[in-house]
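The structure appears below as structure tokens.
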Amino acid sequence: MYNSIDVPLFITIEKEALFNVKRILEKANLFINNPVIVTDKGKSYDYAKIVGKRLKIKNDRFIFVSDNTYEEVKRVERFARSLKSDFIIGIGGGKSLDIGKFACYRYGGYFLSIPTLPSHDGIASPVASIMIDGKRMSVGASMPVGIIVDIDVIKSAPKRFLYSGIMDIVSNISAINDWELAYRKGYEIKYNGFSKAIAFSAAESVLNYEDKNIYKEEFIKILLNSLVLSGIAMEIAGSSRPASGAEHNFSHAYDLLYPDNQFLHGEKVGAGHLLVSFLRDKNEYKKIFSCFKSFEILEELKNIFHDEDKIFESLKKAKDLRKDRYSFLNEIPFDERIFRSVVKKVKKDIFSF
Ligand SMILES: [Zn+2]
């Protein structure tokens, strides 16, 4: 059996990386001739301007995206094609990277990822989250050739975005449980122990990090490395299985039911992880809860748990959301009384801190 795996050539996480982008690319033996920059009109544009200046990329090679829509992907693809670009450089939080790597996948160019927020594991994953016909879909995308992270940029991100990244990476513990379960029961054909080991270690290194000061340089490196490793685990698995199980189904259900919600991906995933682990394994629940507590994430989670009904409805919907993604929630019958009491208990735990 042959499995083709695409992994990035390099990952650089350092202070003032944006100002040193030229040196970083040269050191990696990467010579970009004809790039375009995908970014947004927010704060990322300031960062993109630094990169543009250092690499002598003119302003007319910048394209600004506003939403993760298929139309935007096609617009970026047309732009890159018309300029015969060899590289698409994505600079931003979620949407610029999602659109950039999906456009690259369709176009056939190379992708360079410069994340400005540490809020999810899509920084270097072969999956992009795109709205197609009004529905949020996970689609196949290009793995980046390289990833450049500027520690100073991450340090200026509000803590909520770091919390989101922590919860997204820790959720691998839940996803792996579901992957193993689905494989054992014959609902999943593909299972890869190497991918599991990477996804698991990535989660554990954040989970077990002693000093909970999230803005410490050492922790930022651990978090970013882990988020990238999670993406590589997905590439090896050939699916998002090692990083997406019932807790991600909960997040997708929440988005489907309440599409205008303003919660971050990791916040919905973290909420889902607490609920699912409460039902599945109290030890896992305790471990996750104490991790969130020590990182002082519980205060943030109070916002999403405030509306108990929305949490309950999403948990109910998560059960049958993806038929192709068998999880622990498929193992248990729906019982309104039990589901409501789980929501109440988890909420009570969160609000008692
Ligand atoms: Zn995720």
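Glycine is treated like the rest: Cβ placed from N, Cα and C.
Per TrEMBL, the feature NAD(+) binding site maps to Gly94, Lys95, Ser96, Leu97, Asp98, Thr116, Leu117, Pro118, Ser119, Ser125. The glycerol binding site annotation in TrEMBL covers Asp121, Asp168, His248, His265.
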Close binding-site residues near Ser119 (NAD(+) binding site), where close means Cα within 10 Å, chosen from Asp168, His248, His265:
Asp168, His265
Candidates near ligand 1 among the binding-site residues Gly94, Ser119, Asp168, judged by a Cβ under 6 angstroms:
Asp168
Residue, out of the binding-site residues Ser96, Ser119, whose Cβ gathers the largest set of other Cβ atoms within 10 Å:
Ser96
I need the least crowded one of these binding-site residues (Asp98, Asp121, Asp168), counting other C-beta atoms within 10 angstroms of each C-beta.
Asp98
Cα-Cα separation of Asp121 (glycerol binding site) and Ser96 (NAD(+) binding site), in Å?
14
Looking at the binding-site residues Asp168, His248, His265, whose Cα is closest in space to that of Asp98 (NAD(+) binding site)?
His265
Site with most surrounding Cβ atoms, counting all protein chains shown within 10 Å, from the binding-site residues His248, His265:
His248
Those binding-site residues, out of Asp168, His248, His265, that come within 10 angstroms of Leu117 (NAD(+) binding site) at the Cα:
none
To the nearest whole angstrom, state the Cα distance for the pair Gly94 (NAD(+) binding site) and Asp168 (glycerol binding site).
13
Whole-number answer please: how many Å between the C-alpha atoms of Ser96 (NAD(+) binding site) and His248 (glycerol binding site)?
21
Helix, strand or coil for Gly94 (NAD(+) binding site)? Use DSSP.
coil
